[in-house]
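Chemist: Quick one: structure below, then a few questions.
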Amino acid sequence: MSMKISEKKFNDRVGDGIQDSFMRGAVSSAQTRLYTNRLKAADELGNWEEWRELGEQIRQHTLENLDYYLMQLSENVSKRGGHVYFAKTKEDAAKYIQDVAKKKQAKKVVKSKSMVTEEISMNHALEEIGCEVLESDLGEYILQVDNDPPSHIIAPALHKNRTQIRDVFKEKLGYENSDDPYEMTKFVRKQLREKFMDAEIGVTGCNFAVANTGSLCLVTNEGNADLVMSIPKTQIAVMGMERMVPTMEELDVLVGLLCRSAVGQKLTSYVTVAGPIQEEEVDGPEEFHLVVVDNGRSQILGSEFRSILQCIRCAACVNVCPVYRHVGGHSYGSIYSGPIGAVLTPLLGGYDDYKELPYASSLCGACTEACPVKIPLHDLLLKHRQVIVEQEGRAPLAEKLAMKMFSMGASSAALYKMGSKMAPAAMSPFTSGNRVSKGVGPLKNWTDIREFPAPSKERFRDWYKNHKKGGDK
């Protein structure tokens, strides 16, 4: 899988999402639960806004000094016996991982949940050279078995219910028991445990890399990442270049913010800080590789969208977004959905495929208020729209013509006067009472679901003339 998860056009994807009543119900229920849990966890911590401020300061400081911390990380990982590779593009990253697998003559690879490995199409790259890649995260495993893309950053199978999951297991894996979550989890665990022992390479993502220790931090609730890091003899960790913290002190703050914002917990079940195996340690990989992925991030770092790199992938913005609630994750056409996806995906994937995403927002600002590191998401969405129109010239033709006509009319007193006189008569065939009932052209999408007031028969300038001081009416 790559960052792009659908070849359908944006409107078709949105239409599919709106028509999927189960998905909408599941998303609504999950959003409510996760939102409520996040508020409760934040209240328990106390001084939440101060913690958000601290999180923002840590992320901004790290980005301002990213080159220094990346080199410090590289030096410390190397000192501990690991190998570090800086990948400029997603192709570079995938090629390096292929080369490691070829060198090890690996046939089986097991991996934990990682967005950046999806971004670089790692699974496809390994399958090209004959490797079997097994997802060990339960949600990702369900989707892998069903050949279905993720719909949420932290809950990838959110759009499926347990009956659908049972049917997938029955059809693809021969599962014969009920749709009880415990029974299905036990079945999957047995499947995965057997394959863990045979895997030559384990691949993980990285929630945060600690510069001054050369350590990686992984945050999970299933414990699968610990097995991926400890059983295979070779480990490959893949991280976006921005996922840095200077020291363990900053890690402590950000992990607390991440867990509370993502799932409403003080800590997840497993928070693992590890790296290359040391002489005194009894388990861990014999060989460790860290792949640091740029893939456009350095360009973002030097742009007006820089603050999006503060993201810690908690999905708090997704869990409060009213647009996501109604259309679901697949409508975004990317592994990154919700407000974070609407900002980040066009930066990584370009406007050709994703120019509609910045408009998939009501600009209510709920995402900005929810973000634990205070990314101004709705401002960045507006900035995208400005770039699309003013710099890229990608506004729809109808919109360009409409704005040109408005500009001509608004800048000419004679044209404006004539237009305001003609508007009521021109709109009368589409008017019922004092409302436009049937929109024309661009207005149709609006009037299909909203009321639109009909032009007043009495112009304001006429009303004012009749009611101004000294008037007769």
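Cβ coordinates are placed from backbone N, Cα and C, and glycine is handled just like the others.
What Swiss-Prot records for 302-332 is domain '4Fe-4S ferredoxin-type 1'. Summarising the annotation, Swiss-Prot assigns [4Fe-4S] cluster 1 binding site to Cys311, Cys314, Cys317, Cys371. Feature annotation from Swiss-Prot assigns [4Fe-4S] cluster 2 binding site to Cys321, Cys364, Cys367; the stated evidence is sequence analysis. The annotation domain '4Fe-4S ferredoxin-type 2' is assigned in Swiss-Prot to 351-380 on the grounds of sequence analysis.
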Chemist: I'd like to know the mean pLDDT over the domain '4Fe-4S ferredoxin-type 2' (351-380).
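Modeler: Averaged over the domain '4Fe-4S ferredoxin-type 2' (351-380), per-residue pLDDT gives 96.
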Chemist: What parts of the chain pack near the domain '4Fe-4S ferredoxin-type 1' (302-332), using Cβ distances under 8 Å and only residues at least 6 beyond its ends?
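Modeler: Sequence-distant neighbours of the domain '4Fe-4S ferredoxin-type 1' (302-332): 5-6, 10, 13-14, 16-18, 20, 23-24, 27-28, 30-31, 34-35, 38, 55-56, 59-60, 63, 115, 149-155, 158-159, 207-208, 242, 254, 257-258, 261-262, 338-345, 347, 357, 360-362, 364, 366-377, 380, 383-384.
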Chemist: I'd like to confirm something. Which of the binding-site residues, Cys311, Cys314, Cys317, has a Cα closest to the Cα of Cys367 ([4Fe-4S] cluster 2 binding site)?
Modeler: Cys317
Chemist: Would you list the DSSP helix, strand and coil counts for the residues of the domain '4Fe-4S ferredoxin-type 1' (302-332)?
Modeler: 18 helix, 0 strand, 13 coil
Chemist: Given the [4Fe-4S] cluster 2 site residues Cys321, Cys364, Cys367, which other residues of that chain have a Cβ within 8 Å of the mean position of their Cβ atoms, reported in sequence order?
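Modeler: In sequence order, the nearby non-listed residues are Cys317, Val320, Pro322, Val323, Tyr324, Pro339, Ser361, Ser362, Gly365, Ala366, Thr368, Ala370, Leu377, His378.
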Chemist: Can you tell me the three-state DSSP label for Cys367 ([4Fe-4S] cluster 2 binding site)?
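Modeler: Reduced to three states, the DSSP call for Cys367 ([4Fe-4S] cluster 2 binding site) is helix.
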Chemist: When neighbour density is defined as the number of other C-beta atoms within 10 angstroms of a residue's C-beta, which of the binding-site residues Cys311, Cys314, Cys321, Cys371 has the lowest density?
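Modeler: Sparsest of the binding-site residues Cys311, Cys314, Cys321, Cys371 by Cβ contacts within 10 Å: Cys311.
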Chemist: For the binding-site residues listed here (Cys317, Cys364, Cys367), which one has the lowest count of neighbouring CB atoms within 10 Å of its own CB?
Modeler: Cys364
Chemist: Of the binding-site residues listed here (Cys311, Cys314, Cys317, Cys371), which is spatially closest to Cys364 ([4Fe-4S] cluster 2 binding site) when Cα positions are compared?
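Modeler: Comparing Cα positions, the closest of these binding-site residues turns out to be Cys317.
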